[in-house]
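Per TrEMBL, the features are:
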BINDING   N97, H102  oxalate binding site
BINDING   H100, H102, H146  Mn(2+) binding site
DOMAIN    56-199  domain 'Cupin type-1'
SIGNAL    1-27  signal peptide
Amino acid sequence: MAWISTKSSLLLIISIFTIVISRTTIASDPDILSDFTSPENQTSVDANYFTYTAMRGIFQKSVDKCTTTKATKAEFPVLNGQGVSLAVLQFPPGSVNPPHYHSRATGLFLLLEGVLEVGFVDTKGVLYTQRLKTGDIFLFPKGLQHYQYNFDYKRKAVGVAALSSASPGTVTLPSSIFNSGISELVLAKSFKTDVKTIKKIKEATTTP
């Protein structure tokens, strides 16, 4: 419920930081000169090297907060140089994946189960939102702040995000700003609010 009470403040913050982010360099994956990369000091591989099994059974697991299970080059090294990765997102009733961005990747999101509110803010500060139903696909442009929110307080939601980088570079806005050590007074002045409001937002971003 803390998310709902601070939603307006977070949207203002997203708009400000989207403009800042848009002025920074957004990197892409480097090209490789072979079909795929091999493990260091290893001359041959078999089909096991191209298989990732860590997501087996995750759809049967119960989660108590928004949970992301990734397959990036950090977890699945064969993705290095391939320009692609994957994430499975599980949303308990009423949960949120807070505003964040991927500096190196566009995201193509497919909702497999349930309903979600999704949205992103462009470099002009315009917010685009949509309520998705099972089977819907939504695009999150590279480098733009976005979120997903399960507005159904009775049912879970599950989605899969295909990302156009083996290392998308995820930066979560609330935690990277409000839990960074920047003084509450500086944050209050920066966002034209008071310290009391900043304390409420910090509490909301740290509460599981």
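Using N, Cα and C of the backbone, Cβ positions are placed for all residues, glycine too.
All TrEMBL annotations are machine predictions without curation.
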Composition by DSSP (helix, strand, coil) of residues within the domain 'Cupin type-1' (56-199): 24 helix, 58 strand, 62 coil
Residues flanking the Mn(2+) site, with Cβ no more than 8 Å from the Cβ centroid of H100, H102, H146 and excluding those residues themselves: P99, Y101, G107, F120, F140, L144, Q145, Y147, T170, V171
Count of other CB atoms lying within 10 Å of the CB belonging to N97 (oxalate binding site): 22
PLDDT averaged over every residue in the domain 'Cupin type-1' (56-199): 93
Among H100, H102, the one of these binding-site residues whose Cβ has the fewest neighbouring Cβ atoms within 10 Å: H100
Between H146 (Mn(2+) binding site) and N97 (oxalate binding site), the C-alpha gap once rounded to whole angstrom: 9
